[in-house]
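Asker: What follows is a structure written as structure tokens; I'll ask about it next.
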Amino acid sequence: MSKPELSSSQPGASNNTTAGKPSTSVVSRASNLVHNVWDFIRPQPWVINNIRQKKSQKLLFRSWLPGWGALILMLPGNSLRTIGTLGYFGMLFSVFIPPMFPVQIYLVIVVQSLLGLLVGWGIGSAAMKAALAVRSQVLIEATLQKAPNNFQGSVNPDQVYKAEVFKVTFWMLGQSSVMFGVFMGFGAMIFALIRAKSAPFLFFSIFGTIVLDIFCSIGPLYPFPNYKIVNSILISSSSYCAMALVCCFVFFPETVNHAYLGLISTVLGKVEAMLSSQEGLLSPKPGDFAPGCPKLKALTGARVILMTMYQNLAGLTVHLQSEFSIGRWSGDDVFGLADPVLAVVARINGLLSFAKHLRDLPSPPEAFADMPAPGTVSSDTHLLHHVFNPDITRESILKVTLIEALPHVRNATAELRAATIEGVAATRAMIDAINNDRLFSRSGPIAPLEERLDAASDKLRATLKSFKEQGTDAILGAYAHKPRADIPLRSLYIGYVFSSTAVIIGEVVLSFVQTVAETTARRRRVRLWAPSSLRHVVHALLKGRRKNEEQAFGEEESNETYVDEDDVQEMEYREYLDPDSHPPTNIFQKFMNLLHHFLQWVKTAEAIFVFRYVLITILLWLPSVVKNSAHFFYVNKGIWALIMAQTILTVYAGDQLYNYLIRIVGTFLGLITALVIWYIGNGSGNGSPYGLAASYAVLSLPVMFIRLFAPPKYLQGVILGCITVTLIIGFSWIDGHLPVISDPGIGWNAAWRRWTLVMIGCGASFIIMMLPPKSGRKAVRLRAAASIDALSHVYTSLISAWITESDEGKGASFASSSWVKAFRDRLIAVTLQIQTGKQQMMLASWEGGIRGRWPQEEYVKLTEVQEDMIGVLAQLGGALWKLDTKWRLSLLHHTKVVDPNFISDIVSVFSSVSQSLRTGEPMHTVLPQTLLDRLLLHHQTGVIATGELDGHREIGPDEIQSLDHMFYTSAVIAVYQLMQCLDELQAITRRLCGEVPLRGFEKWKFLHKSRRGTRQNTLSRTGTIVEREPLITNEKSGEEGEA
């Protein structure tokens, strides 16, 4: 019997109509999968951008050509026999150090790399000399009588050194192998120390280690002196370096001068974009600035990109005055732009501080609950009450809400923002023209650009003057009358924050424009410029840094902070005492003191890394001198397992685990690429020179492109993948065209052996890493403690500049004070330090949760709060820079920002948080958990009357709408934001490290606060007590007790 059909009105009808359709969740998951796959396979922005840019195309050609030339040198038989069995080292150099740098920097890298080869060769030769000295001369003579007469001093020992070398009659004495081991351990220790302590000598350490490994692995097989074992490496490497240097000088040569100006242009482009985005900030819509909103995230991301650009820019600064260059501007001229660029980058941080005010208004702090609404503006606490405890109802009635007031701020600053953007654009256009005016290239006419630059300078100067005279009047348009303290002033004060930031940025941009205009007027023609002095050349050699290349090989950036002359003077007066002993007074005590410091250093992460490095070197080297394994080790290229283990070893476990993943993936992709290149060019034969040259020429282009332009976080795997390509092709070609004992095979056979060696090296380094593992999580915590301590020094430097200004300096411009540049340098240094901490945090997350879940989200929040403090300190420093002397003194007397007790509170919180993170010990619960309470306490108990401001303490309507009050407001709000950030840092630290409880403290604190609030003490201006109630009340009898 059939079932009756359901009508559309019945409950089950809809189920039948949708039975054949997928559910919404299924469609959503499928859509997400498609989007994820597309995001994975679509070309990344770094690929598209570099393909389109002519500069990247030139760099690709310049880097690809010498690498292809290194392969060409191996193809002819005579050339291959001259280069030898390690001739693939030229190709290896082409991916290690392609000519992607300016000429001078690349020349330094080449010299360091070749010097590393020579030092490794020298240590290996000394090892052979010592090994021969301990061997039996009788055994040597007997061995030489049986050996071929033509193999002494051969460049290619593999061609003449027969398999008899592995027989017992040719085996060396144990003493000689021990000597090789001693020298190899010593050399490994030296190169590991250089790698850990001196990042500029990274390539020196890497290539020195490789040559030492090869020499000490093959050297014990020789019963006679042969110091030319690594001749093949030296010939092939020097040949490639010669070709690369020729390409650097001939094909699209670039100086540091040119690269630096190009980076400045890029930085200015990002600054221009950030300034243009302020129009969106001043036209907010509901939800635009909620936590995690796109606008705020985009602004934060832009600042990170800007700081990364500046970091690359700062790395080139040291080389500017130490090179020969051809152009309009000398190295000294370009070096003169460093400070103006630093000023612009530092002040741009204040924009993010303003954006924080546009978030949804949080609940007002409890500390304001006991404070009545201010009827006057006589102190900073009254101002803060307006901003952070607003009367929303009255704002709406009076139509002075933030949404309604921001259009007035936008209109008031429109001309100033436009003039600032035009100044940046005109400066960028001029720098581009100067940078393109070189020996073989000419830019367009300079005169129109000079006119544009002068016009932009005049307009910006006039606009700044006009805004300082009338800008605050336009901002006050929302109030339609002079503002009074008895109406809501939150919108006005937040508008003042943005306006003060706009003025400060305009000032530093004007200074930059003027510097460029003066330099352009002074340099009218192209000429050859020489280094300023030999001292600059030496400084560039010893201090030059290449951050991306260091990170590519797992190097940890040293925890450096800015140190200026004031710091040095401070260190001279600061006492560093050893609580366990007084300073040494005689030679014996000094020696024991040095020994003590050495033993302390042995416990550090660097010393443990050096110990591991030496240990893994000796353990993986031993098979090459053991009778039963030497032949297997030599034939299967076991030396590359040793080299792999050394290069992948890092200080922290998280870094190394990340290295494993990225390098194994890179090796696998390199294997596939190498097999494709080999079999397309050679088929199933031993190798066709024409086919291999053609296939490598075409397919090595994308390989080199990825090597040059891949993001730094992938660079470790990219480099190892490129090395794998060169090794497999080099092994295959040499195995098919030279008679060798070590037979790695051709094509696939070489590929699987390479994969096996990589996995052996990774496995060995993993075992060593676990003895014992050094967690990167502790390093993240210590780096956070260091950056918080550095922020405290930035804060104290501002306060020191504030309170130590002498009375004699009242007539001088506060902007001319020496603290300004030091403050900017400190701020940028801390910002870069925090950025490095974020990268280390990502690596530490790879350690997993073996001992328990790592609270990464707390450390992320800790970093975000520190980034907020960067913007706050930039805002505070800018306000201090522009404050008039009278207003600065009024700020000194009318607020509690510089109250000695409040300064002590802030520094104490900084110190407590940093110390707790550094030691991992809990914070005490009795420490103040909110600094606002402390500020209000100082306000209530330490009001100081002063007549510095127009003879009275109250700031009236005329003062409120003055330009100086705008900077005053910006400074006070910045201090309050700093307090909020410190409270948040303290709360996060308490969650991470815990608290030391004090039983009954919270109850007593509440009781004490409530009873204190009932007191009716009224202080007159002279400080006399008008009325007083007893402190203690007998609750049972209702009688009053005595205090």
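Cβ coordinates come from backbone N, Cα and C, glycine included.
Copied straight from TrEMBL:
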REGION    1-24  region 'Disordered'
DOMAIN    46-358  domain 'Putative ER transporter 6TM N-terminal'
TRANSMEM  59-76  transmembrane segment
TRANSMEM  105-124  transmembrane segment
TRANSMEM  170-194  transmembrane segment
TRANSMEM  201-223  transmembrane segment
TRANSMEM  229-252  transmembrane segment
TRANSMEM  493-517  transmembrane segment
TRANSMEM  607-626  transmembrane segment
TRANSMEM  632-653  transmembrane segment
TRANSMEM  660-680  transmembrane segment
TRANSMEM  692-710  transmembrane segment
TRANSMEM  717-734  transmembrane segment
TRANSMEM  754-773  transmembrane segment
DOMAIN    773-995  domain 'DUF2421'
Asker: Which residues, given as numbers and ranges, are at least 6 beyond the ends of the transmembrane segment (660-680) yet have a Cβ under 8 Å from it?
Answerer: 648, 691-692, 695-696, 699-700, 703, 714, 716-725, 727-729, 732, 746-748, 751, 754-755, 758-759, 762, 766, 846
Asker: Decide whether the stretches the transmembrane segment (632-653) and the transmembrane segment (105-124) have at least 3 CB pairs under 8 angstroms, with pairs required to be 6 or more apart in sequence.
Answerer: no
Asker: Where, among 105-124, 170-194, 229-252, 717-734, 754-773, do we find the most CB pairs under 8 A to the transmembrane segment (201-223)?
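Answerer: Result: 105-124.
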Asker: Answer with yes or no whether the transmembrane segment (754-773) touches the transmembrane segment (607-626) by the criterion of at least three Cβ pairs under 8 A, sequence separation 6 or more.
Answerer: yes
Asker: Apart from its near flanks, which chain residues at least 6 from the ends of the transmembrane segment (105-124) lie with a Cβ under 8 angstroms of it?
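Answerer: Distant Cβ neighbours of the transmembrane segment (105-124) are 93, 96-97, 99, 183, 186-187, 190-191, 201, 203-212, 214-216, 219, 229-230, 233-234, 237-238, 241, 244-245, 248, 256, 316, 319, 540-541, 544, 546.
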Asker: Average pLDDT across the domain 'DUF2421' (773-995)?
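Answerer: Averaging the confidence scores along the domain 'DUF2421' (773-995) gives 75.
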Asker: Please report, as numbers and ranges, the same-chain residues at least 6 past the borders of the transmembrane segment (493-517) whose CB is under 8 Å from any CB of it.
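Answerer: Distant Cβ neighbours of the transmembrane segment (493-517) are 275, 278, 281-282, 336-337, 340-341, 343-344, 347-348, 350-351, 353-354, 357, 383, 386-387, 402, 405-406, 408-409, 412-413, 416-417, 419-420, 423-424, 426-427, 430-431, 450, 453-454, 456-457, 460-461, 463-464, 467-468, 471-472, 475, 875, 878-879, 881-882, 965-967, 969-970, 973.
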Asker: So which residues does the transmembrane segment (754-773) touch in its own chain, when a touch means Cβ under 8 Å and the partner is 6 or more beyond its ends?
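Answerer: That would be 612, 615-616, 619-620, 636-638, 640-645, 648-649, 653, 656, 660, 663-664, 667-668, 671, 720, 724, 727-728, 731, 744.
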